[in-house]
């Protein structure tokens, strides 16, 4: 065992080692967060989860580190991994392109310093004169502080910079930078003063309010020039690592040891991938297009385990990937949710099967507070499977139904027309609708605006439904939650609004239907087929299908109405609850007629005649979806039109930036949170950002199958706030330190230096 690793990982917290002359040396805690560009480091994060320790193991490579040092860091990381039982998740980190998880370990940010062990660096003497240093501050939550060449040529007006001149530390705020960037810049300047100058330097803020003399004082430190000489906002591609593409190909590669003891690799599949492709006896490499995972089977050989990361490096070199491409090593039965999400199906232990989303106890409490008859945690696995299949997505969004009211209108010639209340719940696949739902919370009215888009609705109608929804929200002063609903993927609350009386018919006005009042009689041949979905009286719905055998599914219940009979067809995989819901649907779509119950396999000729004859149909049960954990992203559109995604690991409410649009992926639904300070273009493109996020999502989710909700700052529903570890509704009014507050504290701190 490496002596420096003795006792490693036994207690919670962060531990860092540096590679010095090919040896592992403990790194001083007071220097955590400072990394020399010429060095390599090993970073271990230990946490206690319900009494069990778990580990994330990172090895960090500076941009100027030697190949030998980098190799030593990788080898020693494997040794530490073995010491911890081979279960840590390993991460390869490269300077400037670290994972958000790594950056989140350092609350004051990460600072890159020139030099290293091999170059003979020395500790800073706070009383000794030394040349000026310029730092580029990037990131709003995960801060990177990179040392750059001193001079105005290294600066731009869209970012913030720190100029360290010894007795003065200047914080330059680019005119185009945002308030959150500026706040982080001051926070980054304070450690430079405290750590490098023993608190004896003054911090001087250079922004639009700075005097000419203050701005001029920094010019000598920059080697001449003035703020006017600084380049415009950077529009380069330095954030390309965060850009997501729709065309990334996800591939799976087998890593194995052949009969001669030589490690081999070969590609075994492309997306869609199945969990069954992974063999416990071997190792596998998953190439996601933006990063690489190495999966270690529990029965793989020691050589395969040791060589797998080395092979990953060779694979990336062969593919021409950048050296900073993220690599993670995961072990069987301890796969993170992000890894499992790349597979179309993933069998979890029965007690872990969920609705596609992982819930904390706090989130469960928020759900049960609004819908007391629904408690997922108490359900048997088979019941949870039925809920996953029938209850509809976004089931956490279930506000209290009491005293609620609704207004429904379809789009006719791209205009909203009211729907007669007696026909609420009847939808046509050729139309789009807007539904306004009003409910009360603590005596105050709250609103949800649904825009429902039929599968056969025209693109103009779909676009118009979104426009009308925005208009209605504006009339409500931005207080509504906007929810896009695609036919067949209605959220649980949307279904419950109609209390079991929802029917989706084929066609629409443009398709030649007479009108909605003829729904129970109009059909050219007197034959109609409906698929039944639902778990209780409140969420049952009937979806009309094409009258052919191929529309049937063994996992479901169907209602077949013919001129002479009405059949209730029970698939072999259907539950008793689904059968009961089917009987209620018969009363709804085919009232006043005798019902004939037919079990799958016992159909008569008249039944098949109504479907145009026997035919093949789906008989296999859909497999379980992998559990997905909530994730928060800061999303922007780059000047080139690409989606830039920056994930916030271990996120909290404080990560919701007032100046930005954020995307919260709950694992079930996707929320678009619009900050009050976001610009008009970002507000206008909020839904587009979420749609692009889903399109570039490497999992099997599709745009149509994912519910998108748009919410404004200050109007967050309980389903949204419950995803966060804690929520303070007054935070933005009095809970956060603003840039102006932080700036006002600077003179007070400087006064103590004099």
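Cβ atoms here come from the backbone N, Cα and C positions, even for glycine.
Annotation source Swiss-Prot lists repeat 'Gelsolin-like 1' at 22-71. The annotation region 'Actin-actin interfilament contact point' is assigned in Swiss-Prot to 68-71. Annotation source Swiss-Prot lists repeat 'Gelsolin-like 2' at 143-183. The annotation region 'Disordered' is assigned in Swiss-Prot to 209-238. What Swiss-Prot lists as repeat 'Gelsolin-like 3' is 266-306. Per Swiss-Prot, the feature repeat 'Gelsolin-like 4' maps to 414-463. According to Swiss-Prot, the feature repeat 'Gelsolin-like 5' maps to 538-580. Swiss-Prot lists 643-684 with the feature repeat 'Gelsolin-like 6'. Per Swiss-Prot, the feature Ca(2+) 3 binding site maps to 659, 660, 682.
In this chain, the repeat 'Gelsolin-like 6' (643-684) lies in contact with the repeat 'Gelsolin-like 2' (143-183); the count of Cβ pairs under 8 Å, excluding pairs fewer than 6 apart in sequence, is at least 3. Cβ atoms within 8 Å of the centroid of the Cβ atoms of 659, 660, 682 (the Ca(2+) 3 site) belong to the same-chain residues 178, 636, 657, 658, 661, 675, 677, 678, 679, site residues excluded. Residues belonging to the repeat 'Gelsolin-like 2' (143-183) score a mean pLDDT of 87 in the model. Across the binding-site residues listed here (659, 660), the residue whose Cβ sits among the most other Cβ atoms within 10 Å is 660. According to DSSP, the secondary structure content of the repeat 'Gelsolin-like 1' (22-71) in residues is 8 helix, 27 strand, 15 coil.
Close to residue 682 (Ca(2+) 3 binding site) in the fold, though at least 6 residues off in sequence, lie 636, 660, 661, 674, 689, each with a CB less than 8 Å from its CB. Assigned with DSSP, the residues of the repeat 'Gelsolin-like 4' (414-463) fall into helix, strand and coil as follows: 8 helix, 25 strand, 17 coil.
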